[in-house]
Amino acid sequence: MTIEIHDLSKQFGSFTALNDINLKVNPGELLALLGPSGSGKTTLLRVIAGLETADSGQVLFNEEDSTDKHIRDRHVGFVFQHYALFRNMTIFENVAFGLRVRPRKQRPNAPEINHRVTELLQLVQLDWLADRYPHQLSGGQRQRIALARALAVEPSVLLLDEPFGALDAKVRKELRAWLRKLHDDMHITSVFVTHDQEEALEVADRIVVMNRGRIEQIGTPDEVYEKPANPFVYEFLGHVNLFHGRVHQGHAWIGDLEVDAPEYSEAEDLSAIAYVRPHDIEVDRTLNGEPALAAHIVHILAIGPVVRLELAGKDNQSTNSIYAEISKERFRELQLARGDQVFIKPRKLDLFPNHAQNGSIH
């Protein structure tokens, strides 16, 4: 199933929830709608489902205009954050519910329903819980049952609204891997909403980054992480260091550090913002004859095989603390301690003169 969104807009009073959205979801794709609260991601999902009506624009399923179709005619499965399981029904009956309430002509017979439900419970690896009730299950188990119930009616499209948002971190991580594998096995066109950057990067085939009712960027996890389209995407996708500087005729200056910026060869003394991820910062005790920024260590935090350094710059090139991530081996080699002076330089940075177009400097 292909989903196409054309020129979609939606207002709630004076608030613009969606502003001229254009998007195509490919058959069998697992697409993430990622953004902060109020970005429009859930509204877009609900419009696709038929739970909300757009003020303008079109929703097409397999090139057929479905904008005005009722939700029951769109053949979508919907999974909510809070499960929405029927408390008075067993797990088996919860999964069977959508099949039992179908119109008589479309309703499978009892043996077919039993076979389908058993098959789905085996798929989500919870067939041994068929006779239990929702309150007897963990949060992760309940969410898997909610997904099985959505799949029972054999939807053409699966829509998930922050499906793991109510679960703890360990369970979320386990279910992310499980959902990715399940999708690879089933190849059903799926769209899920999340505000969790790691979740989107780990699970999705492509990510749609949204902000204030607009799409900021569409791309694979690698594309949006390695080549952010603008400062918003850069700051939203994981930890990042922000430096203030200037760019002039193909060169950029951040404090005393000069780097080549050939894509801005025609720039004339523009203010600029440079972004560097913590793992792209080299740390050394000496200058080694190369330009670098001086800083001192404020805090040291070891996280597994990685050591995270909080640094304070000697100049005003960064308005906040600077963070660098190095391996434990490198940390031991440098014999670093709190208060030590170090010299830092970026392996890679992305420069945005006047918050304009993206350029990568290596």
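Using N, Cα and C of the backbone, Cβ positions are placed for all residues, glycine too.
Summarising the annotation, Swiss-Prot assigns ATP binding site to Gly35, Pro36, Ser37, Gly38, Ser39, Gly40, Lys41, Thr42. Marked as domain 'ABC transporter' by Swiss-Prot: 3-237.
Known features from Swiss-Prot, placed on the structure.
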| residue | record | Cβ contacts under 8 Å, 6 or more apart |
| --- | --- | --- |
| Gly35 | ATP binding site | Lys41, His195, Val209, Met210, Asn211, Phe236 |
| Pro36 | ATP binding site | His195, Asn211, Phe236 |
| Ser37 | ATP binding site | His195 |
| Gly38 | ATP binding site | Arg212 |
| Ser39 | ATP binding site | Met210, Asn211, Arg212, Gly213 |
| Gly40 | ATP binding site | Lys10, Ala17, Leu18, Asn19, Ile21, Met210, Arg212, Gly213, Arg214 |
| Thr42 | ATP binding site | Leu33, Asp161, Glu162, Val193 |
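Just so you know, the Cβ of Lys41 (ATP binding site) picks up 28 other Cβ atoms within 10 Å once every protein chain is counted. The ATP site is set by Gly35, Pro36, Ser37, Gly38, Ser39, Gly40, Lys41, Thr42; from the centre of their CB atoms, other residues of the chain with a CB within 8 Å are His195, Met210, Asn211. Note on the domain 'ABC transporter' (3-237): mean pLDDT across this stretch is 91.
Secondary structure at Thr42 (ATP binding site), as computed by DSSP, is helix.
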